[in-house]
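Listed in Swiss-Prot:
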CARBOHYD  N11  N-linked glycosylation site
CARBOHYD  N28  N-linked glycosylation site
TOPO_DOM  1-38  topological domain 'Extracellular'
TOPO_DOM  60-70  topological domain 'Cytoplasmic'
TOPO_DOM  115-165  topological domain 'Cytoplasmic'
TOPO_DOM  187-202  topological domain 'Extracellular'
TOPO_DOM  224-240  topological domain 'Cytoplasmic'
TOPO_DOM  262-273  topological domain 'Extracellular'
TOPO_DOM  295-384  topological domain 'Cytoplasmic'
TRANSMEM  39-59  transmembrane segment
TRANSMEM  71-91  transmembrane segment
TRANSMEM  94-114  transmembrane segment
TRANSMEM  166-186  transmembrane segment
TRANSMEM  203-223  transmembrane segment
TRANSMEM  241-261  transmembrane segment
TRANSMEM  274-294  transmembrane segment
Amino acid sequence: MEIVKTIIPHNRSYIEPPIPSATEWLANMSVMHVSCLTIACVFVAITFLSSFFHLFFVLKYVSNERIRNDMYALIFMFPITTFASLVGMFIPRAAIFLYAVSLVYFMFTLFIMVTLLFNIFGGRQEMSAYLLQRNIRVNFTVPPLCFFKFLPTVESTDQNLRRIEWLVFQTPIIRTLLELVSVVVSMEQEGRRESVWFVFSQLMALLSMCIAFYGCYVMVPLGREKHAPYRFDFLFRTCDIAQCIYTIQKFVFEFAAAVGLITSDRYLPAAAKALWWASFMCTWEMMLLSALCSYCLRPAKCKFFDLYPGNDMPALSARDGSNSRVPSFSRRLSIEYEPRIAGVMLEPPSRSSLSITPRDKIEDPTTVSYFADNFDSLSQIQGQ
């Protein structure tokens with residue numbers, strides 16, 4: 001709201017009435033407000049029921065423990081945000097703080113999405129090996145920098161992937177620190193938000209969020225053929241849309257309050273009224289997204305649920321791309337990734353590493369000729 005007031009000209013001499021306490025608000029609500037609160041309670045209850053339904057299937061049908069832990073955080077994204085919005089509708093004075101809590105959790109889920117992507121491959125190092133083996137490079141020409149064609153591509157090394165990961169991980173840390181300082185400044189001003197600090201903190205939070213989104217947009221396209229059976233793209237887009245709705249919607253309502261489309265009344269001042277309606281919109285929007293996830297990520301069509309009896313999602317073999325039954329994460333073979341040095345296989349692709357003895361590797365003429373063919377390329381790489 002502070003950024004909107006700074007940009008939009010308004011009457012600075014006008015002092016908005018104070019936000020009522022929860023007792024005053026509940027005692028003087030209109031019939032429309034009571035009806036909306038009742039409907040919001042129903043939406044939140046449905047969201048919680050859906051989340052417990054999701055939790056049951058994750059606990060029972062996801063074999064990998066690290067993926068289960070990531071899924072827990074994503075499952076509770078919708079109930080936490082809707083519950084915070086509902087409490088803010090009951091307690092208008094706490095709505096701003098609860099909105100900040102939900103936004104911090106949204107930023108935390110961005111980092112969880114990156115961690116989940118790593119765990120699909122088995123870890124960050126395994127993902128790096130997979131990408132290097134297929135010569136898949138990191139492309140930085142993604143939104144919002146999709147028109148900057150001059151941006152270089154870099155190798156998908158473990159160090160580069162870690163740097164992109166930190167682009168995402170910085171935002172929950174920065175937002176948490178900014179909100180803690182904002183609470184201290186607000187208490188010092190007896191609840192008023194008239195300090196220039198709030199404009200600065202919101203600008204910093206916006207910049208941090210944009211950097212985190214950019215890091216996700218760079219990371220998600222990597223290895224898409226590998227994580228496509230998991231419907232990871234849909235899962236990420238759902239989280240992305242939820243955060244955009246939660247952030248942009250509040251700005252739109254605050255803009256309407258700043259230009260006079262939403263005015264103060266005997267119930268709430270304009271700023272609190274705008275946030276109240278934004279919170280109400282959030283309850284049914286998150287419920288719809290939760291229902292959409294229930295259908296599109298159903299266990300029979302999503303490779304995450306590898307223990308589900310009806311899961312028949314085909315898995316691509318790492319060597320020949322043939323279809324097979326989805327194996328459990330705990331039963332993956334050690335030959336899923338081909339051993340390579342500087343992008344060159346350590347053995348001919350026609351023979352399995354499990355069937356070659358050390359003596360075969362020395363005497364096999366196929367192996368000798370294979371390394372002879374690739375000797376020049378290895379020398380060039382080392383020379384660089």
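Placement of Cβ uses the backbone N, Cα and C atoms for every residue, glycine included.
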How about long-range neighbours of the transmembrane segment (241-261): same chain, 6 or more residues beyond its ends, C-beta under 8 Å?
1, 4-5, 8, 10, 77-78, 81, 99, 102-103, 106-107, 109-110, 209, 270-271, 273-275, 277-278, 281-282, 285-286, 289
Which range out of 39-59, 94-114, 274-294 gives the transmembrane segment (203-223) the most CB pairs under 8 Å?
94-114
Looking at Cβ-Cβ distances, which residues of the chain lie under 8 angstroms from N28 (N-linked glycosylation site) while being 6 or more apart from it?
P20, R266, Y267
Mind checking which residues of the chain, 6+ beyond the ends of the topological domain 'Extracellular' (262-273), have their Cβ under 8 Å from one of its Cβ atoms?
1, 16-20, 25, 28-30, 33, 92, 95, 253-254, 256
Would you kindly list the residues that approach the topological domain 'Cytoplasmic' (224-240) from elsewhere in its chain, counting only those six or more residues past its ends and only Cβ-Cβ distances under 8 Å?
74, 77, 106, 109-110, 113, 116-117, 120-121, 130, 213, 216, 289, 292-293, 296-297, 301-304, 313-316, 326
Looking at the topological domain 'Cytoplasmic' (295-384) alone, can you tell me the average pLDDT?
53
